[in-house]
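Chemist: Here it is, the structure, as structure tokens.
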Amino acid sequence: MQIFVKTLTGKTITLEVESSDTIDNVKSKIQDKEGIPPDQQRLIFAGKQLEDGRTLSDYNIQKESTLHLVLRSRGGMQIFVKTLTGKTITLEVESSDTIDNVKSKIQDKEGIPPDQQRLIFAGKQLEDGRTLSDYNIQKESTLHLVLRLRGGMQIFVKTLTGKTITLEVESSDTIDNVKSKIQDKEGIPPDQQRLIFAGKQLEDGRTLSDYNIQKESTLHLVLRLRGGF
């Protein structure tokens, strides 16, 4: 089958693969086409970094799926983290560091537990499993640190197939944020998701608290067919 690999420069590479191919195999094919050594390649699908020993079918990668290729840069860089008190912290990081890693570095410097940290860049809240390069955070970028006063909560999302997904959210999360979290877990694009709670379809710009969605509430996920109404 054919799959596509999109690079950060926007170039798209087409590969011939089989479902049983491992991620290592795919990286070798990319090396054959593009000359990039496998150890410098990170492949992302549905917000997840793909592990070398696993196969395409393990990740439910099907024909004409698009993977994203991020290069692991050698050597580190400095970034800045600005707190609400106006203090600026300097961190030594690598592009391949995850947001969790960055929060741990902040904990080492400032003693703030990672679960109380929210990091913002370009107006977006950064998610733990993603990397700095996923968000195009480069040397000398400035992140903003906001403290989570109350912890988050769990909610459930039930699909039409009967599967239930558990999400970590905050009352202040917008419906868009929730759809992004579902995309990270399930690979379903937000524009194909409709979320229903208490018989109402939820609108993107509104928050969970707007709809009185509390901990352990269950939302229902309905898929929008392409070309539908």
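Cβ coordinates are placed from backbone N, Cα and C, and glycine is handled just like the others.
According to Swiss-Prot, the ubiquitin cross-link annotation covers Lys6, Lys11, Lys27, Lys29, Lys33, Lys48, Lys63, on the basis of similarity to another entry. The annotation domain 'Ubiquitin-like 1' is assigned in Swiss-Prot to 1-76 on the grounds of sequence analysis. Per Swiss-Prot, the feature domain 'Ubiquitin-like 2' maps to 77-152. Residues or ranges marked as domain 'Ubiquitin-like 3' in Swiss-Prot: 153-228.
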Chemist: Can you tell me the CA-to-CA distance separating Lys11 (ubiquitin cross-link) and Lys33 (ubiquitin cross-link), as a whole number of Å?
Modeler: 13
Chemist: To the nearest whole angstrom, what is the C-alpha distance linking Lys6 (ubiquitin cross-link) and Lys29 (ubiquitin cross-link)?
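Modeler: Given the Cα positions, Lys6 (ubiquitin cross-link) is 14 Å from Lys29 (ubiquitin cross-link).
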Chemist: Long-range same-chain neighbours of Lys29 (ubiquitin cross-link), Cβ under 8 Å, sequence gap at least 6?
Modeler: Leu15, Glu16, Val17
Chemist: Measuring Cα to Cα, tell me the gap between Lys48 (ubiquitin cross-link) and Lys63 (ubiquitin cross-link) in whole angstrom.
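Modeler: Lys63 (ubiquitin cross-link) has its Cα 18 Å from the Cα of Lys48 (ubiquitin cross-link).
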Chemist: For Lys63 (ubiquitin cross-link) and Lys27 (ubiquitin cross-link), what Cα-Cα distance in Å is obtained after rounding to a whole number?
Modeler: 17
Chemist: Just to confirm: which same-chain residues, 6+ apart in sequence, have a Cβ under 8 Å from the Cβ of Lys27 (ubiquitin cross-link)?
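Modeler: Within the chain, Lys27 (ubiquitin cross-link) has Cβ neighbours under 8 Å at Pro38, Gln41, Leu43, Asp52.
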Chemist: What is the number of other Cβ atoms found within 10 Å of the Cβ of Lys33 (ubiquitin cross-link)?
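Modeler: Its Cβ has 12 other Cβ atoms within 10 Å.
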Chemist: Mind checking how the domain 'Ubiquitin-like 3' (153-228) divides into helix, strand and coil residues in DSSP?
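Modeler: Across the domain 'Ubiquitin-like 3' (153-228), the residues distribute as 18 helix, 28 strand, 30 coil.
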Chemist: Please list, for the domain 'Ubiquitin-like 2' (77-152), how many residues fall into helix, strand and coil according to DSSP.
Modeler: 18 helix, 28 strand, 30 coil
Chemist: According to DSSP, collapsed to three classes, what secondary structure does Lys11 (ubiquitin cross-link) have?
Modeler: coil
Chemist: Sort the residues of the domain 'Ubiquitin-like 1' (1-76) into helix, strand and coil with DSSP and give the three counts.
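Modeler: Going by DSSP assignments, the domain 'Ubiquitin-like 1' (1-76) contains 18 helix, 26 strand, 32 coil.
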